[in-house]
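Student: Straight out of Swiss-Prot:
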- 2: N-acetylglycine (MOD_RES)
- 15, 18, 19, 81: heme c binding site (BINDING)
């Protein structure tokens, strides 16, 4: 799907301030992303989500993340994620490839 090395660079620049990816990693401003793929929105244990995230009810996978990461607040109105999104599809695909490799 994407380039894992480029995706890691994007994660460090745009995501790591608020998220961790390793198993047992702590929640920061955003939840730890270990086990992200195949999990429903708003389900990371021990993280306090908005009702919007808890009730969205979609399963995270490559397709849902591709859409979400373009404009998080449009995809889940009411989310507390303050990230504006990534407009370039290739950059989102690289990030998703990295997340897939590092969160399971």
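Each position is counted from 1, following the chain as shown.
Quick reminder: no glycine exception, Cβ is built from N, Cα and C everywhere.
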Student: At a 10 Å cut-off from the C-beta of residue 81 (heme c binding site), count the other C-beta atoms across all protein chains.
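Tutor: Result for residue 81 (heme c binding site): 18 neighbouring Cβ atoms inside 10 Å.
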Student: Just the number: how many Å between the Cα atoms of residue 18 (heme c binding site) and residue 2 (N-acetylglycine)?
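Tutor: With the alpha carbons as reference points, the distance is 22 Å.
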Student: For heme c, what surrounds 15, 18, 19, 81 with a Cβ no more than 8 Å from their Cβ centroid?
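Tutor: Other same-chain residues near the heme c site: 14, 16, 17, 28, 29, 30, 83.
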Student: Report, in whole Å, the straight Cα-to-Cα distance of residue 15 (heme c binding site) from the residue listed as 'N-acetylglycine'.
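Tutor: A Cα-Cα distance of 17 Å.
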Student: With an 8 Å cut-off on Cβ-Cβ distance and a minimum sequence separation of at least 6, pull the same-chain contacts of residue 15 (heme c binding site), or say none.
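Tutor: Correct list: 30, 83, 95.
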Student: Of all the recorded positions given, 2, 18, which residue's CB has the most CB neighbours within 10 A?
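Tutor: Output for this query is 2.
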Student: Long-range same-chain neighbours of residue 19 (heme c binding site), Cβ under 8 Å, sequence gap at least 6?
Tutor: 11, 28, 30, 31, 32, 33
